[in-house]
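Quick look at what TrEMBL annotates:
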- LYS200: active site, schiff-base intermediate with substrate (ACT_SITE)
- LYS253: active site, schiff-base intermediate with substrate (ACT_SITE)
- GLU238: Mg(2+) binding site (BINDING)
Amino acid sequence: MSHSQFPYSRHRRLRSSENIRRMAAEHHLLPRDFIAPLFVMEGKNRKEEIPSMPGYFRFSIDLMLTEAEEIVSLGIPSVLLFAKVPDEKKDNKGTEALNPEGLMQQAIRALKEQFPELVVMTDVALDPYSSYGHDGIVEDGQILNDESAELLAKMAVSHAEAGADFVAPSDMMDGRILMIREALEEMGYVNTGIMSYSAKYASSYYGPFRDALDSAPGFGDKKTYQMDPSNVTEAVKEAISDEQEGADIIMVKPGLPYLDVVRAVKESVYLPVSVYNVSGEYAMIKAAANMGWIDEEDAMMEALISFKRAGADLIATYFAKDAARLLQK
Ligand code: PBG
């Protein structure tokens with residue numbers, strides 16, 4: 001009898017009850033898969049909903065700690081910190097990014113003090129600090145690579161000094177992982193990890209995030225440093241470079257339109273692979289659910305399991321709390 005001969009082989013047997021489906025499931029989601037992004041802003045007792053990300057907020061440090069408490073209690077092991085920098089503190093040299101008393105540095109210290117076990121990851125990129133809204137230093141309309149990478153290495157050290165467990169460079173300058181690794185080693189931060197945004201595409205799905213941080217590029221676009229959506233081999237090349245330069249976790253971003261890239265990268269490196277389920281992906285599900293066009297919880301869980309299926313080990317997602325809550329039930 002051949003393996004697939006009906007009726008001996010009936011695929012529906014393994015789908016016939018909830019428990020059998022659970023036993024046959026090839027992939028699973030757990031709260032420990034999630035990295036929860038946190039947007040922090042200046043002030044006290046402040047909480048602002050991001051209009052293009054319904055249900056997602058920017059917090060002042062005090063309220064961010066309350067939010068972190070909830071994240072921790074849901075079994076989510078890690079947060080990814082982003083700072084919203086007021087316009088008057090932006091320039092073309094990332095001055096505020098290196099301020100030991102800056103918002104990011106204060107937020108890191110506050111989180112590590114209150115939740116020593118929480119894995120604090122920090123965004124390393126210039127765009128929230130840049131008067132041009134670009135991820136590097138701008139000269140004559142160009143984004144300088146080596147000068148920017150040098151500055152990013154200083155920024156990473158500043159986050160490590162404040163207590164960050166992982167720095168997460170999201171800028172796409174060449175060679176920055178090596179420069180960051182060397183700077184961390186030199187300063188004695190040998191245990192500070194690097195989660196590299198290795199394959200970050202020039203994507204329209206970052207729109208709501210740029211609203212959240214007021215970080216949209218002031219001129220042009222990010223296509224000279226972020227990747228072309230047509231490419232997949234290039235993502236593998238980027239990931240291998242970052243592995244060789246000393247990255248500890250490789251990230252692919254965005255998520256849903258790039259599941260093939262997650263798979264290709266996972267098969268090419270010997271490191272955990274994370275995926276960023278970005279702001280626009282969150283906004284699309286929220287918007288359609290608000291219209292009553294899809295079921296929010298089902299669509300969310302289906303998106304999240306697709307990342308595991310594609311090979312992701314970790315998922316940075318604005319749905320982290322909602323999904324963890326569902327998984328607890
Ligand atoms: C910038 C950065 C971006 C995101 C994370 N870091 C946006 C961009 O490159 O313009 C996007 C995250 C999201 O959309 O959720 N360094």
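Just so it is clear, glycine is given a Cβ too, placed from its N, Cα and C backbone atoms.
Note on LYS253 (active site, schiff-base intermediate with substrate): other Cβ atoms within 10 Å of its Cβ, all shown chains, come to 25. The residue listed as 'Mg(2+) binding site' sits 9 Å from LYS200 (active site, schiff-base intermediate with substrate), taking the CA atoms of both as reference points. Cβ neighbours of LYS200 (active site, schiff-base intermediate with substrate) (same chain, under 8 Å, six or more residues apart in sequence): SER170, MET172, GLN226, MET227, MET251, VAL252, LYS253. Its Cβ taken as reference, GLU238 (Mg(2+) binding site) is surrounded by 24 other Cβ atoms within 10 Å in the chains shown. Secondary structure at GLU238 (Mg(2+) binding site), as computed by DSSP, is helix.
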